[in-house]
Structures are given as structure tokens and as C-alpha cells.
Amino acid sequence: MTANTSRSTVLTGIGTLVTNDPTVGEGPLGLIRDAAVVFDGGVVAWVGSADSAPAGDVGHDLDGRAVLPGFVESHSHLVFGGERAEEFAARMAGQPYAAGGIRNTIEATRNATDEQLQANTRRLLDESLRSGSTTVECKTGYGQTVAHELRSTRIAASLTDEVTLLAAHVPPPEYAGRADDYVAMVCSEMIDACAPQAKWIDVFCETGAFDRDQAHAVLTAGMAKGLIPRVHGNQLREGPGVQLAVELGAASVDHVCYTTQADIDALAQSSTVATLLPGADFSTRNKYPDARALLDAGVTVALGADCNPGTSYTTSLPFCIAIAVRDMHMTPDEAIWAATAGGARALQRADVGVLRPGARADVLALDAPSYLHLAYRPGVPLVSDVWRGGELAWSAHTGHEKARALR
């Protein structure tokens, strides 16, 4: 225990503990059976067999439940106004997805008050917490003027440390046919204004959004201001997004539904994470990424929910885990790792997505004896308790909830 006045917590009665640390447990997930976890001062102090657990000031007997690191959501778009349920219904009736739908959200976001945007973002973060996400990245991208993007970055930064400037989402309506002019504005006054509130710079490198040269300009302008690059790429067809991400050393390239062997090889030889977003492919009836080919080649894979009002209005990583196992041919172990340690890799974080001494005490317990149930029982709300920074943030059994700023 640490020599301070904090109260230590010990979780006992853990049926299966996922640590994601193979040095302390079995296999890549570092599994420990009949386990215990101790946290103190907001960090993990000890993990191991329950019969060797040190005493804590506060104890919780989990009665055989499985325990995992909190999910790490590395891709979300939570600052927006309105919704697009009618667009979803039309798409399900056979109309193809087009990026133009984003422009409907741009209008609704611009028309929303600060209070409305803040409340909606909090609501979605609360929802994410209830499904087990304890670290959430949040993108802008629905304001697309300097003032509106600055407002979005400020709202996001008030709620999470993982803020991404996605000003280059699609060219806004007032820049129709003038994407280069919009890019020039993003690369100058918009990044200048928003960079102090953000950590990441992102771009949608896709036909109908921004081409390779435009995406390169946005990313390098952000990098010049200290932002770390991420890329939306290869979602709708093969394209330059993957190769651009690797070239610039991006933390991740997200979607990657359409890849060549050269794309897969480039990712395998790089540190760029491939973040797969099955919720978007489910909701648009798009082709799922070839996760098996990526994993077999040695690519680091993360899973994200991609919560947004147009193409993936879900905050549930358990739902995405089930899809990844059923339709993307990932094993349950691979999907769990991708939603925890993989998301942490995509955010370049070593303190989350893992349960080992010194890691942040972000922990979730399931109403199930094994983590396998997350894929085995799709659609069932299995997350029973969530601790964030060592504090009980939500419990299905008590209704206890403290889902606020993700600090």
C-alpha cells in the first residue's frame, strides 16, 4: 500500500481477471482465475490470486464475476446537435450512404446552444460509462467555422483529456466546390485557434471529403502546432488514407474497410494502429474490415464504437465486440484486447487498458463469470460495476452514477 491517507479498495471473489499483462497471467490477456485486485490512490496497487491478496480499507466481494480493464474508446464524435434517424431509416430502405448527411448535423450543431451541446455530450459520456468505457476520445467536426470548432473543442476539453480536432470532416456547405479554400482556412486560423484545446488532429481522407494532398496539408499543419495525427481512411473504398497515416506516423488510421495487401504490409511494419469501427459498418451495411488479415499480418488492432448521429449511433463497445467476433472473424480474446489495450495503443496511453501495478484503476465487473460472455451474449447489458480512477463511477445494482468529466 502507498504511504498516504487514501483509502485502498480490494476487489475479491473475481472469477476471471483480465489484466492484459501476460507477465502476470495466462496468455495475451494475462488471465488470472480466482483473483483479486487492489487499488490505492487512484491506481492499481496489486493484482494476483485471491488467496494472496493484501487487506484493503474497503472490500467488494464480486461473487465470481469477471473483471476487465475499463474499455478505451479511441474514436467518437460526441459534440453534435440533432439526430438523423430518418436518414438511417432511408438507408435501410435501400438508399446508399453518402457523406452529405454530415452537413445536416453541421446545421443542427451550429444552431444548438452551448448548454444543449454540453448536455448532449455529457449524456453520451454517461451512456458510454454504463457500457464500460472509462476513457473516451472525442472529436469535433460538426461546427466547421472557427468559432464553432473552437466551441466544440472547449466543450470536449471540459469533459475528456482526449480531444481531437476534426475540422476537416467534409467541406461545409458554404465551401461547396472550394475544398482547397476550406483546407487553407483550417490550416491557418482554425488550427491556430483550436490547437490549445486539443491533443489530436484528424481528417476524413475519402472521396467526397478530402483527397490525399488536402489531408496531408491538414495533418502537417496540426503537427506543426503540436497535435498528433489520426486519419479516417479507406472506409468506403480503397484509397490513400492508410499509406498517408503510415507515412506521417499517425497514431491510428480508422475504419480501414477496403485495404490492399500493400496497405496491410505498411501497417504491419509501422506503429500505426488500425482502429476498426464495426458499428458504422453494421449501421450502413458497409463491408466489414478484414480483421483476420490485419491480425495475421501483425497489425495492432483497436476496436471503437464510432458514436455519431449519422452512421453509428451507439456508445456500446460490448456491442462492437460481439460484431467483431461474429462478423469480422476475431476471436473473443482478440476483440477484448482490441477494445481495451488496443484502444490504449491508439491513444498512445500506457496507463489505461491494462490492470497492473501503477496503471490507472479503471475497472469494470460483469454480471457473468467470464469475459467470453461479452461476445456470447450480444445485446445483454452485462456491465454491472465500473470504477474509474479507483472510485465507483457506476453500478447497475445501486443506480450509483458519477459519469462526468473523464479525468
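Note that Cβ sites are derived from N, Cα and C of the backbone, with glycine treated the same way.
Swiss-Prot names Asn308, Gly310 as N-formimidoyl-L-glutamate ligands; from the candidate set Tyr142, Tyr175, the record adds Tyr142 to that same site.
Listed by Swiss-Prot as binding 4-imidazolone-5-propanoate are Tyr142, His169, Gln235, Thr311; the candidate from Arg65, Arg84, Arg377, Arg388 that the record includes in that site is Arg84.
Listed by Swiss-Prot as binding Fe(3+) are His75, His77, Asp306; the candidate from His148, His232, His373 that the record includes in that site is His232. Comparing Arg84 (4-imidazolone-5-propanoate binding site) with Gly310 (N-formimidoyl-L-glutamate binding site), their Cα atoms are 6 Å apart once rounded. Other than His75, His77, His232, Asp306, the residues of this chain whose Cβ falls within 8 Å of the Cβ centroid of the Fe(3+) site are, in sequence order, Ser76, Lys139, Asp254, His255, Leu277, Ala280, Gly304, Cys307, Asn308, Ser312. A straight line from the CA of Asn308 (N-formimidoyl-L-glutamate binding site) to the CA of His77 (Zn(2+) binding site) spans 5 Å.
The binding residues for 4-imidazolone-5-propanoate are recorded as Arg84, Tyr142, His169, Gln235, Thr311; their greatest pairwise CA distance is 20 Å.
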